[in-house]
Each structure stands twice: as C-alpha cells, then as structure tokens.
Amino acid sequence: MSTIAQKKGFGATLWDYLTTVDHKKIAHLYLIAGGFFFLVGGLEALFIRIQLLKPNNDFVSAGFFNEILTMHGTTMIFLAAMPLVFAFMNAIMPLQIGARDVAFPFLNALGFWLFLFGGIFLNLSWFMGGAPDAGWTSYASLSITSEGHGIDFYALGLQIAGLGTLIGGINFLVTIINMRAPGMTYMRMPMFTWTTFIVSALILFAFPPLTVGLFLMTFDRMFGANFFDAAMGGNTIIWEHFFWIFGHPEVYILILPAFGIFSEIFAIFSRKRLFGYSSMVFATVLIGFLGFMVWAHHMFTTGLGPIANSIFAVATMAIAVPTGIKIFNWLFTMWGGSIRFTTPMLWAIAFIPSFIMGGVTGVMLGSASQDYQYHDTYFVVAHFHYVIVGGVVFALFAGAHLYWPKMFGTMLNEFLGKITFVLFFVGFHMTFFIQHFLGLWGMPRRVFTYLPGQGFETSNVISSIGAFLMAAGVIVLLVNVVITSVKNEKVGNDPWEDGRTLEWALPSPPPYYNFKQLPLVRGLDAYWLEKMDGKKGMTPAEPIGDIHMPNNSFIPFTISLGLFIAAFGAMFHGDEGNTWGVPVLIFGLLFTLGSMFVRSIKDDHGYHIPKKELLDDKDLGGKA
Amino acid sequence: MTNEQLNSGNPRVDIEYRRKKNAEEMRHQVISFALMIFLTLIAFVAVAYEEFSGWFVVPFILLLAGVQVIFQLFYFMHMSHKGHEAPKLFMYAGMVVAFVTILCYTTIIWW
Ligand code: HEM
Ligand SMILES: [Cu+2]
C-alpha cells in the first residue's frame with residue numbers, strides 16, 4: 001500500500017467504493033445516496049404542490065396522489081434525512097474524537113449497503129405495480145387492506161434499511177465509548193459528537209419497536225397472520241403504538257444531530273466557546289430520555305382516555321424545557337462574539353426563529369384538548385415541516401457547506417451558497433407558514449384535492465410557489481457543487497480559519513489513516529487551545545509507529561444483496577400461481593448467511609502501514 | 001478507557017495479582033453455577049408437583065428466571081467488573097424503555 005495519491009481509473013474507483021470500509025468514503029456514499037433520495041423526495045413534493053395548486057385539479061389521480069404523498073414522507077425521513085445525518089456523523093465524528101476509524105469498519109459498510117438496498121427496494125415499487133399508499137405512518141387498518149404490493153414494499157424495504165441504521169447506531173456508540181483519543185474525556189467531546197452519541201443510543205432503543213411492528217405487518221400481509229385484524233382477534237392500535245414508540249424518538253434522532261451541527265457553527269463563527277457547554281450536554285441527554293415518554297401525543301384522538309392523554313400531554317410539554325435551554329445557549333454564544341456571516345452561519349441564524357415556530361406549534365399540539373381541533377389538518381403539516389425543514393434540513397445545508405472542505409478538500413462557493421440560502425429560506429416560509437392557517441380554516445391533511453369557494457385557493461397557490469423557490473435553491477446548490485468540483489481548488493487544514501475541534505487540525509480531506517499520531521487533547525475545543533498557545537498543530541500523544549488498518553471487503557455488499565433478493569421472494573410468494581417466491585426467499589437468505597459464514601471463517605487481520613512509510617510522508621501533519 | 005491498546009506493554013505486570021484474582025473469580029463462577037443448577041431443579045420440581053396451581057408456578061418460574069439472568073450477567077459475563085459501566089447503563093436504559101412500553105400496553109391497550 002502506498003499513501004501517495006494515484007490517479008485511478010473509473011473502474012478502480014468504483015470497486016474501491018464498493019468495498020471500502022473507510023469511514024470517510026462511507027460518508028461520501030451516504031451523502032451521495034442520501035442526496036439522490038432527497039432529490040427524489042423533493043420531486044415528489046413538487047408533484048404534490050402542483051396537484052394542490054388549484055381546486056379540483058387532475059394533474060394526478062387520487063390513488064396516485066396517495067402513493068406520491070406516502071413515498072414523499074417515507075423517502076424524506078428514512079432515505080434522505082437519516083442517511084444525510086449519517087454522512088456527517090461518519091465523516092466528522094471519528095475525526096472529532098481523534099480516532100483512526102469507527103470501531104467496526106466492516107459493520108459501517110454493512111450498514112450503508114443495507115440502507116441503500118432497502119431504499120432501492122422501496123423505490124422499485126414505482127415500477128412494479130405501485131408504491132405504498134397508506135401514508136408514511138402506514139396505519140394498520142388502512143395498510144392491511146391496501147391492494148397490490150405497495151405496503152409490502154414499505155414493510156420489507158424499511159426492514160432492510162432499518163437494520164442498516166441500527167447497525168450504524170451501535171457502531172457509533174462503541175466508537176465513542178472506546179476510541180476517544182488520550183485526554184478526550186466525555187466532557188471534552190465536541191457537541192456534535194455528543195449529539196451523535198445520544199442519537200445512537202436513541203437508535204438503539206427506537207429501532208427495535210419499528211422492527212417488531214414491521215415484522216408483524218409483514219406477517220399480516222404476506223404470511224396470513226392477523227396481529228392487526230380486529231375481526232380475527234387482533235388489535236389495530238398496536239401498530240400505532242409500535243410506530244410512534246419508534247416514531248417520536250425518530251424525530252429526535254433527526255433533530256439532535258442538527259443541534260450538534262449548529263452548536264459547532266455558532267461557536268466557530270462567533271469565535272467563542274459554546275455558551276453553557278455542560279448544560280447543552282445535559283439538555284441533549286434529557287431530550288433523548290424524554291423523547292421516549294411522549295409517543296402517544298400522536299394518538300390523542302384515538303381514544304386513549306383522559307388519564308393517558310393528560311400524562312402524555314404533560315410529558316410532551318416538558319420537552320420544551322431542555323429545548324429552550326439550548327436555544328438560549330446558542331443566543332448567548334453569539335452574544336458578544338465577533339460574528340462572521342458565512343453561509344453556514346446564515347443557516348444557523350435562520351434556524352433559530354424557524355425552529356422556535358415549530359416548537360411553539362408543537363406545544364400547542366401537545367395539549368391534548370387543542371389537538372382534537374388541529375389533528376389531521378394542515379396545521380400538523382405546518383408544524384412538522386417547521387421542525388424538520390427549519391431544523392434538520394437547514395442543518396444539512398449548513399453542514400454541507402461547513403464540512404464540504406473536510407470531506408472533499410474544496411470550498412463551496414460562498415456567493416452561490418448565500419443565493420441557495422435566500423431562495424430556500426424564503427421558499428420555505430412561503431410554503432409552510434400559510435399552511436398553519438389552512439389547517440385552522442379546516443383543510444384536512446392528506447387530501448388529493450379540494451373544492452373551490454372554501455377559501456383555500458390563494459393560500460395553496462402561495463404555498464406551491466414557495467415550493468418552487470425551494471427547488472430553485474436546491475438547483476443552485478447542485479450547480480455550486482458542480483462548479484466547485486470542476487475547479488477543484490484544494491484548501492488547507494482549517495479553511496474557515498476559526499476551526500475549534502480536532503477535525504480542523506487535519507488536512508482536508510484527511511489521510512486515510514486520519515491521525516499519523518493520535519493527538520493529545522487538553523480540553524474542550526482541543527485545536528483552538530493549541531492555536532491560542534501559538535502552536536501549528538496538535539501535540540502528539542504517542543510516537544510514530546506502525547498503524548493497523550482494516551482490509552477492504554466486498555462482503556457487506558453481498559450480505560445486503562442477499563436480503564434484497566429474499567425480500568422479492570417474500571413479497572411475491574403469495575401471488576396467484578406463484579412458484580418461484582419461496583425458492584427465491586430461501587436462496588436470498590442462504591446468500592446472506594453464506595456471505596456471513598465466509599466472513600467468519602476467513603481470517604482477515606488487516607494490514608499495517610509501516611512506520612517508515614509514515615516518516616517518509618512529508619506533507620502530513622503531526623510533526624511535533 | 002480512552003483508546004486502550006490491545007497489546008499493553010509488559011506482559012508480566014502484576015501476574016501474581018492476576019492469578020489471585022482469577023482464583024477468586026473461579027470460585028464465584030463455580031458457586032453461581034451450582035446455584036443455577038439448583039434453581040433449575042427447583043423450577044422442574046415446581047412444575048412436576050401437582051398440588052401447585054398454575055397461578056403460583058408461572059410467576060415463580062419467571063422470578064427464578066430473573067435471578068438466573070442476573071447470575072448470568074454478573075458472574076459469567078463479568079458485569080460486576082470495572083469497565084462495564086457503559087454496558088450497564090445501556091442495559092438499564094433499555095429495561096426502562098421496555099418497562100414503560102409494557103406498562104403502557106397493559107394499561108391502555110389491553111385493559
Ligand atoms: C417542543 C417540541 C415538540 C412538540 C411538543 C411536538 C408535538 C407534536 C405533536 C403533539 C404532534 C401530533 C400532532 C397531531 O398529529 O395531531 C406532532 C407531530 C409531528 N411532529 Fe412534533 N413536536 C415537537 C418537536 C418536533 C420535532 C423536533 C420534530 C422533528 C424534527 C417533530 C416532528 C413531528 C412530525 C414528523 C409530526 C407528524 C407525524 C405525522 O403524523 O405524520 N416534532 N408533534
Ligand atoms: Cu412526536
């Protein structure tokens with residue numbers, strides 16, 4: 001192995017990415033795949049807004065509208081937001097704690113391929129008889145009676161993708177617990193690492209209920225079980241509980257990394273230490289904990305009874321407290337700082353009022369008696385888009401601009417970045433602000449059209465125009481990416497000049513082994529401390545020595561492929577006159593098990609980068 | 001715990017201490033193994049003995065199972081040792097989540 005960059009052919013690069021176990025390359029894969037699904041989901045959103053542009057529109061049929069709506073939600077949550085968050089976690093978290101990779105590089109790759117195959121499987125439904133059409137929540141009474149294979153795609157696709165997410169979460173947990181650099185105590189971890197840690201714990205506890213729910217759904221639909229069929233002694237409400245025991249933590253799984261990214265941004269571009277670091281950590285932990293106690297606020301109107309409703313209403317409102325702590329800390333971080341209005345910072349500043357609006361409507365919805373009015377209207381749609389777009393998507397854009405140099409070694413154009421911001425910001429508020437009122441005026445959620453003369457026309461037009469502005473913003477970002485990649489002007493370690501955490505002490509992008517010598521961490525904002533002491537880089541904590549690295553492997557791909565094949569068998573075996581279903585199911589599972597077997601019996605100890613080679617390499621950091 | 005190297009320097013460090021520790025460990029394991037066998041026997045007896053009603057036997061066996069799990073975790077999977085704080089924390093957190101779920105299902109869905 002040589003560390004000297006060589007120009008590789010397309011085939012070699014492709015093979016490299018198919019087999020990679022390097023967290024930085026896996027981050028690229030997550031970014032590309034997540035970005036692709038984000039575009040797909042965005043396209044679906046545009047179709048929704050075109051259909052709702054005017055009353056009695058027939059741009060799409062009612063049934064097709066349901067499919068687009070369902071796939072929009074499902075794609076955005078599971079296939080766009082989650083993997084994009086994972087992209088940044090993979091790219092940045094190991095660098096922030098001073099590790100050479102995640103704890104289980106092989107599992108990291110496996111997690112990605114499972115997600116990708118699950119996502120592809122779900123989207124193949126478009127070409128194979130129709131997509132799922134029971135909403136992203138897929139409530140059981142509706143979904144077990146849904147015709148065709150749409151819901152089967154949902155259950156099986158999410159099962160595979162969810163397995164990948166679970167694996168990823170466990171991997172991050174182990175990494176953060178075990179692989180922090182010397183001196184990196186828990187209370188010195190950067191905020192983004194902390195949120196990654198808590199989020200991984202949430203994943204660990206939230207995904208099993210989803211897994212169970214999806215399995216029950218799979219058996220109900222494909223193997224003749226009756227878990228959710230009340231006529232056969234089942235209980236349809238159980239699905240809702242399982243879904244929301246997963247679903248509410250899931251929204252925090254999305255928002256906490258966003259909080260982490262913004263915490264980094266506020267500190268960097270205010271040139272100040274994050275205000276109230278320990279209370280931030282505390283608030284994050286508390287949000288994670290409370291996130292599990294509130295799921296039934298999605299089910300106030302199902303008839304849980306006044307006692308259950310009250311308990312969950314109180315618990316729900318309690319979450320506003322730690323969230324408020326965070327908001328004040330961000331404000332105080334900016335207070336008195338010397339602020340630079342870079343693109344990431346613009347997103348961060350815009351995030352605060354946008355997210356607060358979502359939080360306020362959240363508390364309104366959380367009060368059970370009010371929720372009877374709001375439930376299943378556009379008010380709810382406005383609420384969750386304010387938190388998810390105004391929180392998570394803003395953070396993804398901000399993170400993309402902030403970490404682009406660290407991931408690819410080039411800077412996105414700041415001017416275009418700001419154009420993206422303005423277009424998207426204006427478009428976002430235009431689309432969703434008015435939807436609060438649409439909801440209050442009585443426009444129900446998830447309807448494919450409405451009648452004229454009900455006062456919904458103008459507002460829907462405004463909303464649809466806003467959607468196109470957001471699309472324009474995304475297109476500008478894509479142009480920005482292309483221009484930046486073609487120009488390919490490489491930047492140094494710390495392109496924002498005010499980097500505080502360890503990742504900015506490394507070259508952009510870092511060498512594949514990250515740290516030639518593990519750094520010694522002397523406090524929070526480790527790199528900033530060294531800079532303030534007039535040093536160029538980190539003080540090493542160990543002498544230069546051989547570095548142990550894992551080998552690339554194609555097996556994660558084949559393990560995931562097997563499940564993908566098996567899913568087709570499971571889905572079609574029940575069709576009239578189908579003979580190949582069961583054999584394909586068995587074949588796929590054997591393929592997966594076989595791959596796992598090969599993995600376990602093959603001795604793969606990785607390889608060492610010899611010390612000599614590291615000493616020869618001049619252009620890398622770590623010179624003490 | 002930060003970044004423990006796999007091959008920690010000197011292999012002969014505190015070998016005496018380790019030997020003593022291992023002996024003690026072994027004794028604990030043998031004792032708990034014997035206890036576990038004993039508990040299993042009691043469980044079989046409880047089922048086989050016809051005088052006991054199901055309302056007694058089932059909770060009783062579950063209780064024994066709980067005890068066995070604790071033995072298993074603490075003596076055979078070394079959860080009592082240092083350095084297992086994180087796994088412990090996560091197991092307790094998981095138990096809390098599972099408990100709340102079951103509590104909720106039993107109170108608001110099934111009754
Ligand atoms: C102070 C914090 C929050 C409170 C009190 C809150 C409360 C609620 C309530 C009560 C509902 C149910 C409304 C109904 O269906 O009638 C709801 C829906 C929703 N919330 Fe929040 N929320 C909060 C923060 C968030 C965050 C941070 C996110 C995501 C990042 C989020 C995402 C959602 C989603 C996706 C739904 C709709 C689910 C669906 O029915 O499809 N919420 N929220
Ligand atoms: Cu919720």
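Just so it is clear, glycine is given a Cβ too, placed from its N, Cα and C backbone atoms.
Taken from TrEMBL, the feature domain 'Cytochrome oxidase subunit I profile' applies to A:9-522.
TrEMBL lists A:29-48 (among others) with the feature transmembrane segment.
Within the chain carrying the transmembrane segment (A:104-128), a Cβ under 8 angstroms from the stretch's Cβ atoms is held by residues 19-23, 26, 29-30, 33, 37, 40, 71, 74-75, 78-79, 82-83, 86, 90, 149-150, 153-154, 156-165, 167-168, 170-171, 174, 550, 553, 555-557, 559-561, 563-564, 567, 599, all 6 or more beyond its ends. The transmembrane segment feature in TrEMBL is assigned to A:104-128 (among others).
As annotated by TrEMBL, transmembrane segment applies to A:153-179 (among others). Among residues of the same chain six or more beyond the transmembrane segment (A:153-179), those with a C-beta under 8 A of the stretch's C-beta atoms are 70, 74, 78-79, 82, 86, 89, 93-94, 97, 99, 102-104, 107-108, 110-119, 121-122, 124-125, 128, 131-132, 134, 138, 143, 189, 193, 196-197, 199-204, 207-208, 210-211, 214-215, 217-218, 221, 560, 563-564, 567, 570-571.
Sequence-distant contacts of the transmembrane segment (A:237-262) (same chain, six or more residues past either end, CB-CB distance under 8 Å): 77, 81-82, 85, 88-89, 137-140, 143, 191-196, 198-199, 202-203, 205-207, 209-210, 212-213, 216-217, 227-228, 284, 287-288, 291-292, 294-299, 302, 326, 330, 348, 351, 384, 387-388, 391-392, 394-396, 398-399, 402. Summarising the annotation, TrEMBL assigns transmembrane segment to A:237-262 (among others).
Note on the transmembrane segment (A:274-295): residues 187, 191, 194-195, 198-199, 201-202, 205-206, 241, 244-245, 247-249, 252, 256, 259, 263, 266-267, 312, 315-316, 318-319, 321-323, 325-326, 328-330, 332-333, 335, 366, 524 of its chain, located 6 or more positions outside it, place their CB under 8 angstroms from a CB of the stretch. Positions annotated as transmembrane segment by TrEMBL: A:274-295 (among others).
TrEMBL lists A:307-332 (among others) with the feature transmembrane segment.
What TrEMBL lists as transmembrane segment is A:344-364 (among others). Note on the transmembrane segment (A:344-364): residues 258, 262, 265-266, 268-269, 316-317, 320, 323, 327, 330-331, 334, 370, 374, 379, 382-391, 394-395, 397-399, 401-402, 418, 421, 425, 428-429, 436 of its chain, located 6 or more positions outside it, place their CB under 8 angstroms from a CB of the stretch.
The feature transmembrane segment is assigned by TrEMBL to A:384-404 (among others).
Same-chain neighbours of the transmembrane segment (A:416-441): 49, 343, 346-347, 350, 354, 361, 374, 377-383, 385-386, 389-390, 397, 401, 454-456, 459-460, 462-474, 476-477, 479-480, 483, counting only residues six or more beyond its ends whose CB sits under 8 Å from a CB of the stretch. TrEMBL lists A:416-441 (among others) with the feature transmembrane segment.
Per TrEMBL, transmembrane segment is recorded for A:461-483 (among others).
Annotated transmembrane segment per TrEMBL: A:554-574 (among others), in sequence order.
As annotated by TrEMBL, transmembrane segment applies to A:580-598 (among others).
By number of Cβ pairs under 8 Å, the transmembrane segment (A:580-598) is matched best by A:554-574 from the list A:29-48, A:384-404, A:461-483, A:554-574. Residues of the same chain lying 6 or more positions beyond the ends of the transmembrane segment (A:29-48) and with a Cβ under 8 Å from any Cβ of it are 17, 20, 59-60, 65, 68-69, 71-72, 75-76, 79-84, 86-87, 90-91, 112, 115-116, 119, 123, 407, 467-468, 470-471, 474.
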